[in-house]
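What TrEMBL lists as coiled coil is 280-359. The compositional bias 'Basic and acidic residues' feature in TrEMBL is assigned to 422-433. The domain 'J' feature in TrEMBL is assigned to 88-161. Look at TrEMBL and you will find 530-584 tagged as domain 'Myb-like'. Annotation comment: TrEMBL describes 530-588 as domain 'HTH myb-type'. TrEMBL lists 533-588 with the feature domain 'SANT'. The region 'Disordered' annotation in TrEMBL covers 422-453.
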Amino acid sequence: MLLLPSAAEGQGTAITHALTSASSVCQVEPVGRWFEAFVKRRNRNASTSFQELEDKKELSEESEDEELQLEEFPMLKTLDPKDWKNQDHYAVLGLGHVRYKATPRQIKAAHKAMVLKHHPDKRKAAGEPIKEGDNDYFTCITKAYEMLSDPVKRRAFNSVDPTFDNSVPSKSEAKDNFFQVFSPVFERNSRWSNKKNVPKLGDMNSSFEDVDAFYSFWYNFDSWREFSYLDEEEKEKAECRDERKWIEKQNRATRAQRKKEEMNRIRTLVDNAYSCDPRIKKFKEEEKAKKEAEKKAKAEARRKEQEAKEKQRQAELEAVRLAKEKEEEEFRQQALLAKKEKDIQKKAIKKERQKLRNSCKSWNHFSDNEADRVKMMEEVEKLCDRLELTSLQGLNEILASSTREVGKAALEKQIEEVNEQMRREKEEADARMRQASKNAEKSTGGSGSGSKNWSEDDLQLLIKAVNLFPAGTNSRYLLLCWHSNFILENSLCYPHQKDDINKKAFDKFKKEHGVASQADSAAPSERFEGPCIDSTPWTTEEQKLLEQALKTYPVNTPERWEKIAEAVPGRTKKDCMRRYKELVEMVKAKKAAQEQVLNASRARK
């Protein structure tokens with residue numbers, strides 16, 4: 001019962017009595033439904049037509065309820081009550097045209113109308129056969145109302161609405177009519193959104209902010225759609241707690257998988273729309289044009305700024321280039337002249353050598369004996385290697401313009417001079433070796449410090465050995481002693497290991513180079529004990545020139561050894577080749593000795 005408030009002070013109702021000659025005013029208490037309507041209007045700040053609107057709304061709802069009864073599902077009587085889960089509950093209650101938009105009042109009214117018409121008692125009274133128990137189709141009406149009257153169950157059924165179109169338009173479909181294809185798709189999928197006020201797709205005139213807000217909303221779409229209605233197992237049917245837990249676990253996994261597929265569908269829809277949207281293409285083109293304009297403006301400013309610098313730099317580079325070309329041209333001309341002179345001299349020497357050989361050959365090498373001829377040929381080759389161009393030209397002139405006896409005498413005289421020169425060089429080398437031996441003996445027999453009375457050659461050899469074996473090398477001083485044979489008796493070395501190291505190194509060298517066994521008793525080569533009897537020792541300057549020439553003229557250089565011999569004054573082609581082979585053998589022997597020392601050290605450890 002509604003208790004109305006008392007009338008406010010000053011408010012009242014005046015009643016005029018027409019039967020009397022004078023009017024009188026009476027105080028009346030306001031009551032009744034009209035006063036109730038007045039209070040409602042005043043509290044809600046509504047107009048005087050508020051009650052009329054409510055009355056019209058109630059009348060419209062009642063008229064709608066009456067109309068809903070007219071739409072009935074034609075296949076209702078053919079439904080299988082056992083297969084109620086696959087039925088369309090909205091169609092069963094006659095709400096197929098309203099579906100998810102139906103209000104609870106409409107659902108209740110539809111169920112009431114269906115019960116009044118299809119209840120088994122009424123049909124039985126009308127003479128219609130009724131199935132026993134839950135086998136009658138009326139069970140489908142009951143299940144439909146049970147599902148749609150419960151908000152949770154209704155949401156589960158709405159999520160799998162059989163009439164909903166889950167299709168996603170392809171890119172080719174929206175090529176020419178983008179808005180006509182994608183607008184209804186986004187419109188029907190907006191029903192799944194947890195957020196209200198879903199943005200519309202818009203049209204070609206939509207602003208960038210509206211389009212960006214639309215795609216941001218759909219790329220972060222929050223959907224309430226869930227798939228519990230499609231659970232294959234019902235946990236209420238479980239016989240124990242473990243089975244119920246297992247059913248719940250299976251259902252959760254299936255729901256999660258279907259939810260993932262649904263979100264992938266939404267993402268595919270948004271991706272297809274974004275890639276086909278002509279507005280996105282227009283915005284990208286506008287942005288690109290804007291960036292290009294800014295880029296061109298900056299490039300134009302930089303270009304104008306760099307033009308002056310570029311002109312100055314080009315002028316400087318041009319001056320440097322001209323000076324460099326002039327210098328290179330002068331150097332090229334000098335190198336060309338030097339090469340021509342060297343080639344001319346080389347050809348002249350080659351020609352004179354061949355001329356000398358031919359002259360001696362024409363005189364049968366001035367001998368009728370085969371052994372003498374062979375010896376004379378060797379001497380002639382020695383002259384070709386040792387004599388300079390002027391000497392060869394003078395000898396060839398004598399042989400060409402004189403008789404056999406005069407030519408033989410001149411040739412023998414030249415041979416004697418060359419042999420005498422070689423003999424003197426050999427004596428000088430022997431003297432240097434003897435002096436070195438004496439210095440080594442004196443230093444050994446002295447105070448034993450190992451640094452007294454060292455010659456200049458000894459110091460150079462020691463410096464070279466120290467550079468070859470830097471600090472930190474295993475058994476460094478033993479290797480220094482091996483490399484510098486003239487200080488093997490020094491106290492810094494290990495004299496008791498010298499003979500063993502040299503012997504093993506030489507044995508390894510013989511094994512690698514295939515030396516015959518009968519040569520084991522032969523004297524060691526120059527690189528171990530002393531110089532060869534028929535060659536002059538190499539000085540430090542000659543060794544440096546040879547190493548530089550080997551680097552300058554690689555293996556693929558034509559006439560390599562002739563060029564190397566020209567770079568080392570006083571040395572012939574054969575001398576350079578012999579020295580190169582000795583160096584190669586020395587390096588191999590050194591590596592063998594180093595390996596032997598390392599093995600000996602490991603054995604001692």
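The backbone N, Cα and C atoms fix where each Cβ goes, glycine too.
Bear in mind that TrEMBL entries carry predicted annotations, made automatically and left uncurated.
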Helix, strand and coil totals (DSSP H, G, I; E, B; other) for the domain 'HTH myb-type' (530-588): 37 helix, 0 strand, 22 coil
Helix, strand and coil residues within the compositional bias 'Basic and acidic residues' (422-433) as assigned by DSSP: 12 helix, 0 strand, 0 coil
Helix, strand and coil counts within the domain 'J' (88-161) (DSSP): 52 helix, 0 strand, 22 coil
Stretch-averaged pLDDT - the domain 'Myb-like' (530-584): 82
